[in-house]
Amino acid sequence: MIRLVFLLLTLATPLRAESIVLGLSQDSVSITASFDGSDILIFGAVSRTAPEPTDLGPLGVIIAVSGPDQPVSVFRKARQFGIWINADEVEVDRAPSFYAVATSAPIADILRDTEDLRHRITIPRAIRSVGATVSDSAAFTDALIRIRARNGLFQMKEGTVDLQQDTLFRTSFRLPANLLEGDYLARIFLTRGGRLIDEHSTVIPVQKVGLERWLYNLAHVQPLLYGLLSLVIAVAAGWAASAGAAALKR
Amino acid sequence: MQLYLPIAEVSVNIFLILGLGGLVGVLSGMFGVGGGFLITPLLFFVGIPPAVAVATSTNQIVASSFSALLAHLKRRTVDLRMGTVLLIGGLIGSSLGLVLFNYLKSLGQVDLLVSLFYVVFLGIIGALMLIESLNAMRKARKPGGARKPRRNHNWVHNLPLKIKFRVSGLYISVIPPLLVGVLVGVLSAIMGVGGGFIMVPAMIYLLGMPTKVVIGTSLFQIIFVTAYTTMLHATTNYTVDIMLALLLIVGGVIGAQVGTRIGLRMKAENLRILLALLVLLVCGKLGLDLILQPSELYTLKVPGAA
């Protein structure tokens with residue numbers, strides 16, 4: 001009997017006092033011909049099995065959405081022989097093609113650095129670069145972040161998660177038009193006093209559909225046919241324009 | 001109005017791309033250049049990935065050149081025999097060029113090399129054409145000094161394998177046009193252009209062909225060389241964006257018809273001065289980009305996409 005109680009206790013401990021319940025405005029993103037970026041609304045609630053443990057510090061919600069990872073080469077130009085050429089290169093082994101972080105408060109207040117390091121939450125942590133031969137390789141990853149941020153591909157939005165009564169939260173992300181296809185991962189972190197207390201993740205597939213899908217597949221599966229098709233269109237269009245111009249002249 | 005491009009994977013404004021196509025189409029019709037040396041940098045500028053821009057512009061050149069060629073065929077200003085000789089050279093050249101291009105790619109710095117090629121060739125050709133055309137204009141203006149037909153008998157006319165090119169009014173060896181074709185083919189593979197801006201002056205100054213015939217003949221050669229390049233890009237890199245090409249084509253073919261009419265109404269010298277200035281303008285822009293300190297020293301490259 002005592003053993004059974006003990007067993008129940010050990011089973012019960014992983015049950016967190018506070019956990020995440022999540023909702024999304026859309027389960028997937030379809031890239032159609034008229035696709036011009038998309039907004040995704042992420043909302044949810046904090047469910048509790050016990051009264052709110054306010055003595056452990058303030059509650060924080062951090063939501064990170066990341067696109068498919070790719071290796072990226074970062075080149076730096078330098079002046080040689082009077083012209084600017086790519087002199088140094090750093091290979092970033094893995095960088096997300098899209099990365100956005102939204103938080104309910106300034107990130108320093110709700111996330112400890114050790115937790116950030118472990119879970120790769122903030123933008124610099126999400127980029128991995130090993131074995132860089134250039135001494136100041138940090139400047140290269142900074143440049144990567146700067147350039148992608150300028151294109152709307154990296155977003156750091158502190159304080160944009162609307163957290164109400166420490167229970168309901170919601171935020172929206174803007175996915176830009178130059179979006180890469182693939183599975184986008186939305187991770188929701190719940191912190192208390194900077195410490196992670198729950199994590200929830202969900203996948204949002206981003207896919208081309210319809211004509212976009214068909215053309216993309218044709219180009220990759222039947223490249224010869226695709227090439228011939230584009231040439232036929234080109235020649236036909238050229239002929240049509242010529243015939244049209246002749247008809248107009250008459 | 002926005003359109004998402006399936007291969008380039010970016011969203012673009014339809015009217016912007018139509019406008020770009022139209023602009024380059026007018027130039028194509030006027031000068032007999034494919035316009036690749038203009039459209040490719042312009043596409044980079046609006047945010048199309050470089051590999052897609054290069055591949056797709058070759059497809060666009062096929063359409064605009066075909067439209068312009070039909071207009072020239074009607075006026076019998078195409079030397080088909082000369083065009084065929086140039087084409088044979090061109091196909092040999094572009095195959096050689098592709099081998100060279102891939103070798104340079106393995107060494108890195110291919111972007112720089114392409115830029116340098118542009119600056120050097122555009123600079124030399126633009127300057128030569130401008131000087132020659134200005135001289136010709138000055139001579140034509142002199143009272144009583146009507147322009148003599150140029151009959152420069154140089155080494156070109158002393159080579160074996162002579163063929164009669166009736167439309168051009170030439171009786172010369174096939175070796176010089178064949179070499180011009182090879183050179184243009186090599187350059188077009190490396191620079192990702194049709195090569196008209198090199199071929200047109202080479203035909204005028206090296207082979208001594210009449211300007212009116214030169215344009216139609218160069219268009220004839222460009223169509224086949226760019227069609228060949230399009231197929232190479234489509235089958236090896238999958239970078240031809242058919243939607244982008246279609247937009248450029250619609251703009252381009254209309255522009256080419258307009259351009260051909262403008263070209264026929266203008267004097268040959270004026271036409272050449274304009275082309276020379278245009279070539280020098282692009283050369284100057286690319287040259288400045290190499291010399292001036294760029295505002296962003298860093299660039300990103302994603303393997304596969306670029």
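Quick reminder: no glycine exception, Cβ is built from N, Cα and C everywhere.
What TrEMBL records for this protein:
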type	residues	note
TRANSMEM	B:12-39	transmembrane segment
TRANSMEM	B:85-104	transmembrane segment
TRANSMEM	B:116-134	transmembrane segment
TRANSMEM	B:178-206	transmembrane segment
TRANSMEM	B:213-232	transmembrane segment
TRANSMEM	B:238-259	transmembrane segment
TRANSMEM	B:271-292	transmembrane segment
Quiz item: So which of B:85-104, B:116-134, B:213-232, B:238-259 has the most C-beta pairs under 8 Å when paired with the transmembrane segment (B:178-206)?
Solution: B:85-104
Quiz item: Do any residues of this chain, six or more beyond the ends of the transmembrane segment (B:238-259), have a C-beta under 8 angstroms from a C-beta of it, and if so which?
Solution: 3, 5-8, 12, 14, 17-31, 35, 39, 43, 48-49, 51-52, 54-57, 59-60, 63-65, 67-68, 71, 230
Quiz item: Taking the transmembrane segment (B:85-104) as reference, which of B:12-39, B:213-232, B:271-292 has the most Cβ pairs under 8 angstroms?
Solution: B:213-232
Self-check item: Range from B:12-39, B:213-232, B:271-292 with most C-beta pairs under 8 A to the transmembrane segment (B:116-134)
Solution: B:271-292
Quiz prompt | Chain residues outside the transmembrane segment (B:271-292) and at least six past its termini with a C-beta under 8 angstroms from it | solution = 27, 30-31, 33, 37-38, 41, 112, 115-116, 118-119, 122-123, 125-127, 129-130, 132-134, 137, 197, 200, 204, 211, 263
